[in-house]
6 protein chains.
Amino acid sequence: MIHLTQPGTLFQDQYVTRASELLQKWQGEGVHSYGLIGVPLAKTSISHSGAHLAPAAFRQSLSGFTTYATESGCDLQRERIIDFGDIAMHATDVIESHKRIKDTLYELLQKNEKLFPIIIGGDHSVSYPAIAAFQQARGKTAVIQFDAHCDVRNLHDGGVTNGTPFRKLLEEKHIEGDYLYQVGIRNFVNSEAYIHYVKQAGVRMVTMEHVTAVGIQNVMQNILHEVEQKADHLYVSLDMDVLDQAYAPGCPAAAPGGMSSSVLIEALSLITRSPLFSGIDLVEVDPTVDFRSMTSKLSAYMVLSVLEKRIR
Amino acid sequence: MIHLTQPGTLFQDQYVTRASELLQKWQGEGVHSYGLIGVPLAKTSISHSGAHLAPAAFRQSLSGFTTYATESGCDLQRERIIDFGDIAMHATDVIESHKRIKDTLYELLQKNEKLFPIIIGGDHSVSYPAIAAFQQARGKTAVIQFDAHCDVRNLHDGGVTNGTPFRKLLEEKHIEGDYLYQVGIRNFVNSEAYIHYVKQAGVRMVTMEHVTAVGIQNVMQNILHEVEQKADHLYVSLDMDVLDQAYAPGCPAAAPGGMSSSVLIEALSLITRSPLFSGIDLVEVDPTVDFRSMTSKLSAYMVLSVLEKRIR
Amino acid sequence: MIHLTQPGTLFQDQYVTRASELLQKWQGEGVHSYGLIGVPLAKTSISHSGAHLAPAAFRQSLSGFTTYATESGCDLQRERIIDFGDIAMHATDVIESHKRIKDTLYELLQKNEKLFPIIIGGDHSVSYPAIAAFQQARGKTAVIQFDAHCDVRNLHDGGVTNGTPFRKLLEEKHIEGDYLYQVGIRNFVNSEAYIHYVKQAGVRMVTMEHVTAVGIQNVMQNILHEVEQKADHLYVSLDMDVLDQAYAPGCPAAAPGGMSSSVLIEALSLITRSPLFSGIDLVEVDPTVDFRSMTSKLSAYMVLSVLEKRIR
Amino acid sequence: MIHLTQPGTLFQDQYVTRASELLQKWQGEGVHSYGLIGVPLAKTSISHSGAHLAPAAFRQSLSGFTTYATESGCDLQRERIIDFGDIAMHATDVIESHKRIKDTLYELLQKNEKLFPIIIGGDHSVSYPAIAAFQQARGKTAVIQFDAHCDVRNLHDGGVTNGTPFRKLLEEKHIEGDYLYQVGIRNFVNSEAYIHYVKQAGVRMVTMEHVTAVGIQNVMQNILHEVEQKADHLYVSLDMDVLDQAYAPGCPAAAPGGMSSSVLIEALSLITRSPLFSGIDLVEVDPTVDFRSMTSKLSAYMVLSVLEKRIR
Amino acid sequence: MIHLTQPGTLFQDQYVTRASELLQKWQGEGVHSYGLIGVPLAKTSISHSGAHLAPAAFRQSLSGFTTYATESGCDLQRERIIDFGDIAMHATDVIESHKRIKDTLYELLQKNEKLFPIIIGGDHSVSYPAIAAFQQARGKTAVIQFDAHCDVRNLHDGGVTNGTPFRKLLEEKHIEGDYLYQVGIRNFVNSEAYIHYVKQAGVRMVTMEHVTAVGIQNVMQNILHEVEQKADHLYVSLDMDVLDQAYAPGCPAAAPGGMSSSVLIEALSLITRSPLFSGIDLVEVDPTVDFRSMTSKLSAYMVLSVLEKRIR
Amino acid sequence: MIHLTQPGTLFQDQYVTRASELLQKWQGEGVHSYGLIGVPLAKTSISHSGAHLAPAAFRQSLSGFTTYATESGCDLQRERIIDFGDIAMHATDVIESHKRIKDTLYELLQKNEKLFPIIIGGDHSVSYPAIAAFQQARGKTAVIQFDAHCDVRNLHDGGVTNGTPFRKLLEEKHIEGDYLYQVGIRNFVNSEAYIHYVKQAGVRMVTMEHVTAVGIQNVMQNILHEVEQKADHLYVSLDMDVLDQAYAPGCPAAAPGGMSSSVLIEALSLITRSPLFSGIDLVEVDPTVDFRSMTSKLSAYMVLSVLEKRIR
Ligand SMILES: [Ca+2]
Ligand SMILES: [Ca+2]
Ligand SMILES: [Ca+2]
Ligand SMILES: [Ca+2]
Ligand SMILES: [Ca+2]
Ligand SMILES: [Ca+2]
Ligand SMILES: [Ca+2]
Ligand SMILES: [Ca+2]
Ligand SMILES: [Ca+2]
Ligand SMILES: [Ca+2]
Ligand SMILES: [Ca+2]
Ligand SMILES: [Ca+2]
């Protein structure tokens, strides 16, 4: 008698659906649901980063979760996530890589009006072509950027990097200043010139100190109120380093003074109630410096929580 | 002049009592106090686990603590913990190992009516023979299980594992469903079928989302109120993965969305006030993947806190 | 324009064939060439072992090599390795797991007379059902066991473990003592009783000290000369801990005093010249304690070298 | 064309000032501002400690922060920190090393009345000569010691160590008992004899349990109220192990049950409002056991926060 | 009395000269001796590499060695190594980075005829601009490349990377095929197409298998004999992955089957006798994945050995 | 039925004697055989060292070996090693610690004429009081020091450290220069002044380069021939950093260019034939930076090999 399994399948419980089973390989068909798109780009990072390995770590982490939420009773099995694979990056030419990101996402978003993209970076530079494509394909978009950093560095000193996505988006008019909400901006990791820049540009910037002082609920309610009055779409750009280093040790720029994971989950939970919410990216997870995949697991858990709260 | 010490004794302060000194090697005598029993079994784990090394790590961690609680002024020196050693496991036969656990604990508990067992796993499978023995030796027992998972998997797919202890206890009638309280059950690590199973079985299941919403104090007061009306004994089964991965990184199933250590300590503190509380196990600590023994140290700290609160 | 790749494919050079491409998923057809069979079993290990993760690590390591040997000019692209996947292990019942190994291998070997099995453990216990099945399906087989240890422990103290495969094979008459060649047996990791046992049983045992004294070439030539006079088949059981810990740091029983990797490669090279050589297992690699997958990479390199030398 | 940079300068943004740029190498001039003084001493530690490497790690961590606080708009560029380098330690003679600490600090403090010393240990033993020198050079000083431990061990069992700084200070009358405030003293890491000792000595001791019960704000307001009525100066001795192990994993005595980093930052923030606050030491960070320099980064962040709050 | 040292100077023995003291910061003067030039470029790497951190690790490793060779009695104190610092890399534009390498080296080599460059990569891509500049500034150059890989990948699949330096050098005619000697080329890490390519191009390629068979002494004597008959200069390009993974665990492409460090040292020792030898690069050390800086220390030791053998 | 074992005893094979069982706790009796004496001192180390943890790691490593040598058939069970425990070190006063080492060893050696001491450091500084005591108790002693370093630093710069043991022994006339044999002295880790010093002092110094050139057998035969003509006793001081870093990664000063483990074992094997050989120390193993206890295991294996060769 022959007992063989797929390589690597060490144990399977017939009554358990792994969250990774939600992923369905794209066969070229039209997509009306969630779509997972990996963007394995980290050569745009200023510091040494293995964030291009995050899409693989994210998919792997999904297999550590089930599809079921115990309190609400929601089972994500009703949902489908089409896995488009990873966007093919050039080995060294980052301008070409950005172009491929924008072209690929634009075409996917335009051909699939109901596609809700879940974009897994890579470093934060990928949000520049991603948001540009989203805005161009879908129309008037507000962006909530969770981040310790403003990411509006000058382009002269290092070209296009993970320090410049929102500078590029603002300068090339892909997005107006007052359609960008930056939440969790921290002390001692930004500079006066760039805070001045975002204020001049009309960006809605909320410091971590302010979040602590007034509470995440107030912060988010005010933002969502504004967004719903002016935008057609809401896109979330989630730089995992908005979290404190104790919760997200695997970010290249992990540092103290950030959010706890429960505060960030509450923020996302409030966002899911908005009907405008139609796209998200998660960036800046470097699996090579993580501890026991904690940060990858947390990013997978965030995405599952978003899916469940949108169903409720 | 000869200056020799026991091997490995690098420094000793004469005014400090190490918590490890509370341990007294069992000489076969009757025991009327706390008894430490190691259960080095991890081959029952579904995933790769070094939890069989936890009893040694627990004892080692005790030596990093003193016996004194500063705020209350309690000194645990008045207490005695008899160290029964570890239950001898078979190298590969897990059914035989479970039998040895049950036989050994039953005989110890039956011969020592006042023995308060502190059982250090091992993985969670050890709670099946442990609770069965406890119930058989002592009578009507309510169990509070702190856990991210229900642990009621079907027995067909993998036999008796760390995913099945409460399934076995319920099916073999060692415990009625409404005598089992599961606290901290989390999203995306359980499946619909098993949540359905525990609800059908009458198990009192409290999700982590509910704990966050109403507070641990309310949760525990309700549970203790119920328990005191129906049971003769209260046993706590503490799976350390009920904690968030930031606090307990050394659990095989460490994941986000769990309790902080202070919430768990508060829960245990409330439990110690109940006169029914008469046994505990701590399971699912894998020293081989821990960081600086943080999770082992936390489990030792939990036990010391329980002892101190019971004296007060 | 859409630029998508398979998840995880970060770079591909069109003129390079990865050794992992030699693997072809088995579709149930008859197999007349090499067959890769993973045996993810480590719960039979006496010490804590993650060797069940070695088949996955082995396949992963193949992707780090190409198919081409520069000196000989052989390209393994002409070869095919059918990947049968992993034999499905029971979660806890090791006797059942051994039965599945034997049944599966027996059926595969019997139905496929020309199949050259490449069996990737798992710990060394898997060689007991593997060699039993091989001998039963193929006939009179000599075994060369590269190992620091004799692996003939008594069965009473721990049942069937990675310390007993050759004891079981001898006692159950799957193999006669003088058909077993143990090479690389080391000082201070075996005991007098067991060396006595193998000598009594007529096993040809060659110590590491002897290998160093007379040279691996002499040792192997003598063995191969004997084997070719009495056996119909030659099977190699390669416990990677025959290597010195500097070369194979990822073995559970890594220790000093062993072979260098070049000596072992020379030994295998000599074996490949024998027309009787028709099966091999590689065991005792624990990827969870390895450094930069060195030991997994070395085991993959060994297999590729064997394939190339057989072509020459 | 030549493109050369200082070794190790991988990227520089012209609009960003690194906090490490605040450091100016001391040229022997009079100093009226902050002064950084490294004290690389860890051979006084009871347990194995690499805390002598903390000054280098602290300076390195500063280079990971900027000088700008986003909420307040303060830019520390207006501040100057004179870097005096490290005090030269004897390779083995710790009494000589303590003497050098005291002599060096005394002379620096006496010659520079306005110097605000920021002393980076080393282990906690360095606070004994440091506070002695501070008190002698500046006059009537209250000390707030953040610590899990009282550090008043007897001097007989191990001589002068990181367990004795406050014992020495009290016994040699460098400081009266009621001028010493110990905050965060924890259960099971102190002993009855030493708690008795500090109470007898009139030390104001606040347990971690009390901090949790009444809140850090109340605790600090009471302390500061008392201090301002009796002392001329306020010195903070910050043992990073007052923090919970989840926030400060790199302390030799990292343990559960401690402060979160936000609670400690709030405490320091309240202290900075006191005009008496005129010196600080940070001790007990061991970079060799830290994870991703988290604890070093947190200590740098603490110092920057103190500087910013004092400007406001 | 003040005892201060430079930050980080933990101990200094007055009779010991650290090899790092040989480094003298370049002040713009003409250089007639050795020159150290860091090239911190790793974004050209196909796989994830931290090799841009190798120049800093190399300088740090020098401080772990002295200047004295015990057997020969040579003291390198008579030598001077001018440290030119690192060539400034662009954050993302690798073509620009290569241009800066070539321009910088060309200008330095041309203005300093007697400069012996010691170029510390970075990944192997840096040898393309480095050797081009060397050849252009100095004339007819033979190159001995120690490497497990040929590094002549096609340029279409990934552009200019660490897999293409010698392809570029050959195609752009910076060097003729028969002036390139590749030593240590290994099985299963190259492909047939590229071996074919180098043979067609007239490259002198020596496999690792051949080195083992005939001995490094024979190999090098033949090469040096040829070189001295046709070239004006001899440049060594040392990819540390020519070494076996047991000796150089910190190379991105660390693999089994390579040279021992003593064989490589012997090869370099023979090269130093040639009067044509006038430049070297060391590449492919990734300090972020090394163990205890072993590979960085070995590269520093190699350079010191070269210096000493040239004096003899 | 009760199944209890000693804590931590996970498996026991009745036919195997662990080498750790050779250790018998000293009960104050006279000792005529081997004696193990731990010397947990590392605060004398110039660089950061955890070598004081080596005695515990050594004993632990013994438990990973058996007592039986396969080739010779010797079983060490006939031998007895009395474990005297560790010499009690002062927490900070290293002069006092050295005094305790000397006093303790002197008294043990003098009272036990036939005691063969096996002294486990600690760093190399312990050999100063150890050899002084040996010489004083036993008489005219030749010392073979295996080491990469001469260890004769001046005493002014750092007092008595692990860089000075042989300086102290020579200066205080505990040993004449021509009774000291230093083997394996390496390039670039010593300085001219100190090589000059040892030559002036008449020390027999053999460089690693010389060992490689003439072979370890020749080196040792010459030394042993000399020793046997002038000395009454032969003592071996084995600094494990004489080994190459690939074989002994856990030494604080691990570096390239050293001996392979098989060369060192051959050297020790030759020494055991000398009837004068009557004491040994093993030093400079730091378990906190080792990989998988490789260096501790190698030191245990060395001691077992010495015992076995002496029996033969
Ligand atoms: Ca960002
Ligand atoms: Ca960020
Ligand atoms: Ca559980
Ligand atoms: Ca659980
Ligand atoms: Ca074996
Ligand atoms: Ca073995
Ligand atoms: Ca302290
Ligand atoms: Ca403390
Ligand atoms: Ca290369
Ligand atoms: Ca290479
Ligand atoms: Ca030494
Ligand atoms: Ca040494």
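Yeah, the Cβs are placed from backbone N, Cα and C, and that goes for glycine too.
The annotation Mn(2+) 2 binding site is assigned in TrEMBL to B:His124. Less than 8 angstroms from the CB of B:His124 (Mn(2+) 2 binding site) sit B:Asp147, B:Asp151, B:Asn162, B:Gly163, B:Pro165, B:Ser237, B:Asp239, B:Val283, B:Glu284, each of them six or more residues away in the same chain.
The annotation Mn(2+) 1 binding site is assigned in TrEMBL to B:Asp147, B:His149, B:Asp151, B:Asp239, B:Asp241. Other C-beta atoms found within 10 angstroms of the C-beta of B:Asp151 (Mn(2+) 1 binding site) number 27, with every protein chain shown included.
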Would you mind checking how many other C-beta atoms are within 10 angstroms of the C-beta on B:Asp239 (Mn(2+) 1 binding site)? 28
In terms of DSSP three-state secondary structure, what is the assignment for B:His124 (Mn(2+) 2 binding site)? helix
Using DSSP and collapsing to three states, where does B:Asp151 (Mn(2+) 1 binding site) fall: helix, strand or coil? coil
Within the same chain, the residues at least 6 apart in sequence whose Cβ is under 8 angstroms from that of B:His149 (Mn(2+) 1 binding site) are B:Gly163, B:Ile185, B:Arg186, B:Val189, B:Asn190, B:Asp239, B:Asp241, B:Ala253
Under a three-state reduction of DSSP output, how is B:Asp241 (Mn(2+) 1 binding site) classified: helix, strand, or coil? helix
Quick one: give me the count of other CB atoms within 10 A of the CB of B:Asp147 (Mn(2+) 1 binding site). 27
Around the C-beta of B:Asp241 (Mn(2+) 1 binding site), how many further C-beta atoms are within 10 angstroms, looking at every protein chain? 27
